[in-house]
Amino acid sequence: MVLMVRILFGSLFIGLVFSDPPPVQDYCVAVTDSETFIPCKNSSLVTIEDFVFYGLNATAEFNDAGQALVSVNVNTFPGLRTQGVSLARADFAVGGVAAPHVHPRATEVVWVLQGTFLSGFIDSQERVFSKVIQKGDVFLIPRGLVHFHKNVGDTHGSLLGFYNSENAGRSTFQDTIFGCEVKEEVLEKDLGLSAEDISKVRGRKLNLCGKAEAGFSASPN
């Protein structure tokens, strides 16, 4: 009986720690050629370069919200396939924000490289947990919860986000609701918006459904 309890506890613990299924081989370098439908690169063709990612030290192009994102997930770093981890670097101009968004497949741990941020998340009971964090601080965002970041300092800021999934996924309210083909009458009734309001929002530059799959808090993190 004690052994069964221990096995059950161990199974539950592993399920909580790992977001992705545990690997059944040493490594599985993703095949980027979509026409092959082969999940892993032939091991005889794998080289050291499959386990190295270049470019995380460079700042990407800033978007209209004042954020620049470099994502390191299985889509950009094939060596991460089956390893259950990914990361992203997000740079923020003064006042730059990562709008509220979720990562449906991963818990996120954010490390402040430089700057001062107001970071927070909202739980399923609509409680807001937020705090001003600074260089060296680490902030935990539970899996699947809406969260946000804003650079509240007077200088450029940078965050490094870590995820327990090879592809955490990313979904924002604006892109998901207004960027997808949700009927206007549904939005009017549920959100109390007029057809004119909805048209204005949809007229902005939005990601199409599913296009933000690989991002960090932007949305990383």
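Just so it is clear, glycine is given a Cβ too, placed from its N, Cα and C backbone atoms.
Where the annotation comes from TrEMBL, it is an automatic prediction and has not been curated.
Fair warning: this is a prediction, and the values are worked out from it, not measured in the lab.
Straight from TrEMBL, the features:
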{"type": "SIGNAL", "residues": "1-19", "note": "signal peptide"}
{"type": "DISULFID", "residues": "Cys28-Cys40", "note": "disulfide bond"}
{"type": "DOMAIN", "residues": "54-199", "note": "domain 'Cupin type-1'"}
{"type": "BINDING", "residues": "His101, His103, Glu108, His147", "note": "Mn(2+) binding site"}
{"type": "BINDING", "residues": "His103, Glu108", "note": "oxalate binding site"}
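Feature map: annotations from TrEMBL on the structure.
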| residue | record | Cβ neighbours (10 Å) |
| --- | --- | --- |
| Cys28 | disulfide bond | 21 |
| Cys40 | disulfide bond | 15 |
| His101 | Mn(2+) binding site | 24 |
| His103 | Mn(2+) binding site | 29 |
| Glu108 | Mn(2+) binding site | 27 |
| His147 | Mn(2+) binding site | 24 |
>> DSSP-wise, what's the residue breakdown of the domain 'Cupin type-1' (54-199) into helix, strand and coil?
In response: 22 helix, 59 strand, 65 coil
>> Roughly how many Å lie between the Cα atoms of His101 (Mn(2+) binding site) and Cys40 (disulfide bond), rounded to a whole value?
In response: 31
> From the Cα of His103 (Mn(2+) binding site) across to the Cα of Cys40 (disulfide bond), what is the distance in angstrom?
Replying inline: 25
> What mean pLDDT does the predicted model reach across the domain 'Cupin type-1' (54-199)?
Replying inline: 88
